[in-house]
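Notes to accompany the following structure.
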Amino acid sequence: MATEGGAGLAKSAVEKLSDAMGEKTKQLGTAMQDVHRQRRLILVIVCVALFLDNMLYMVIVPIMPSYLAMWEAGNSDRESNASGANASGAKSVLGPGYPPENEDFKIGVLFASKAILQLLVNPLSGTFIDRVGYDIPLLIGLTVMFLSTIIFALAENYATLFAARSLQGLGSAFADTSGIAMIADKYTEESERSRALGIALAFISFGSLVAPPFGGILYQFAGRRVPFLVLACVCLLDGLLLLTVIKPFGSRARENMPVGTPIQRLMIDPYIAVVAGALTTCNIPLAFLEPTIATWMKKTMGASEWEMGVTWLPAFFPHVLGVYITVKLAAKYPHLQWFYGALGMVIIGASSCTVPACRNFGQLIVPLCGICFGIALVDTALLPTLAFLVDVRHVSVYGSVYAIADISYSVAYALGPIVASQIVHSLGFVQLNLGMGLANVLYAPVLLFLKNVCQMKASHSERNILLEEGPKGLYDTIKMEERKGKGKTPHPTGGMQGNNVDSYHRDLKGASEEDSSDYEYS
């Protein structure tokens, strides 16, 4: 009897647990079907992906001395044991050992390889994203980043590190671009879009900030492979969450997606070109100072190791503050987005010019905080502007336009690790900072060109695109009408009336054949 009673209790407990799990699963499924909750989950997935990308970019910094020691030991062993013929044959361009005088250059190439490959792949990834949607490219990017992180953990020589770094750039070209584009697509209200993109920018900054201490601590106590394995696990979990929430291979909506504006046409749009130039210019000081400021601090102010290690730590807080302030101001005064960007560039220019005048660590914190605060203003103001420009001047598909933004960042970070050291050696650290500061101050007035952007309204650009590419059937007609009805564009013009397909085609015949860059002012 006691045995039967125990079995009954166990069965009852299992049934209750099963019912509870089923109820929780049902609630989770219901929550995922809710549009607002799904948007938040998508924002979390994208922010984690951006966070991981920047963590992986910077986590190697405190581990590099270990790799350098390994390469030097390999050089010593080969020089002592190998014959002259073998030694000459071992000096490969990507071999595991290098002469000491080339160390700075090889580390610069290693850090720049990610941005260089990202720069080359982005035009293709932007077009791919426009064709297939945002979810599959994001999954591809996370998968490639996962493989890259595993290769980092197993790397034993420079060739493997270079391959892992370049592979990370390939993953970033898909994950970063599709993630930012997905946020712009899901958050169509300008204030919500600015807030969501601001949160994403904060995660980018946070990833760059915590990566060096995270990598240094885990390397010190657990070995150099552990930081990469931890990041690989987080990347895997993020990919699984993406599969659960979005189900990228289960949606058929992409078969009838509107045709996005080709990236080459977006590149020659003067407004988008101005924004892209501002994104490149404002990030040059950060990209050029990161590889050079530690050496300058050691020479001019005798900075200790810990001071060089936490140089950028205080700058995280003004960066987040800049994002917060810009989001709040953009919600109240959206017509001044260009001014927030111009103000940020002036702050960056003034801060960059004052860096060489600093004589101790405490003084240096101020201009570095100014640079990061200014970058936050520019990025937070201009990234939503790109989506707005696409909405009112082209087709509301965002893969290519954010590929252009990623190209703008990649230009700065591809040049920084290689070019900055050469400029310092040939011209000097002072001249480098004055040049970067002057470039930002001179570019700020160019943003006046964006002053009237907020007054734009959607013209016939979307219908022109469909006319040129050919409508895909009734679905495109319905989607166009739904977009007009829901206020997809910030200033709807009324567009087509009713649900009559014939009236839509009559509108097409009456629409002008002008290029999609034409616009109207309200």
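Backbone N, Cα and C atoms are what each Cβ position is placed from, and that goes for glycine too.
Per TrEMBL, the feature compositional bias 'Basic and acidic residues' maps to 503-512. The feature compositional bias 'Acidic residues' is assigned by TrEMBL to 513-522. Among the features that TrEMBL reports, domain 'Major facilitator superfamily (MFS) profile' is placed at 42-455. Annotation source TrEMBL lists region 'Disordered' at 480-522. Summarising the annotation, TrEMBL assigns transmembrane segment to 41-64, 136-155, 196-222, 228-250, 271-289, 309-327, 339-358, 364-389, 401-424, 430-450.
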Given 41-64, 136-155, 271-289, 309-327, the one sharing the most C-beta pairs under 8 Å with the transmembrane segment (401-424) is 271-289
Tertiary contacts of the transmembrane segment (196-222), defined by C-beta under 8 angstroms and 6+ residue spacing from its ends, are 43, 46-48, 50-63, 66, 179-180, 183-184, 186-187, 230, 309, 312-313, 316, 319-320, 323-324, 326-327, 372, 376, 379-380, 383-384
With the cut-off at Cβ under 8 Å and a gap of six or more residues from its ends, the chain residues touching the transmembrane segment (364-389) are 180, 184, 190, 193-194, 197-198, 201, 205, 269, 271-272, 275, 278-279, 282-283, 285-286, 289, 297, 301, 311-312, 314-323, 325-327, 330, 337-338, 340-341, 343-348, 350-352, 354-355, 358, 398, 401-402, 404-405, 440, 450, 453-454, 490
Do you know the mean pLDDT across the domain 'Major facilitator superfamily (MFS) profile' (42-455)?
84
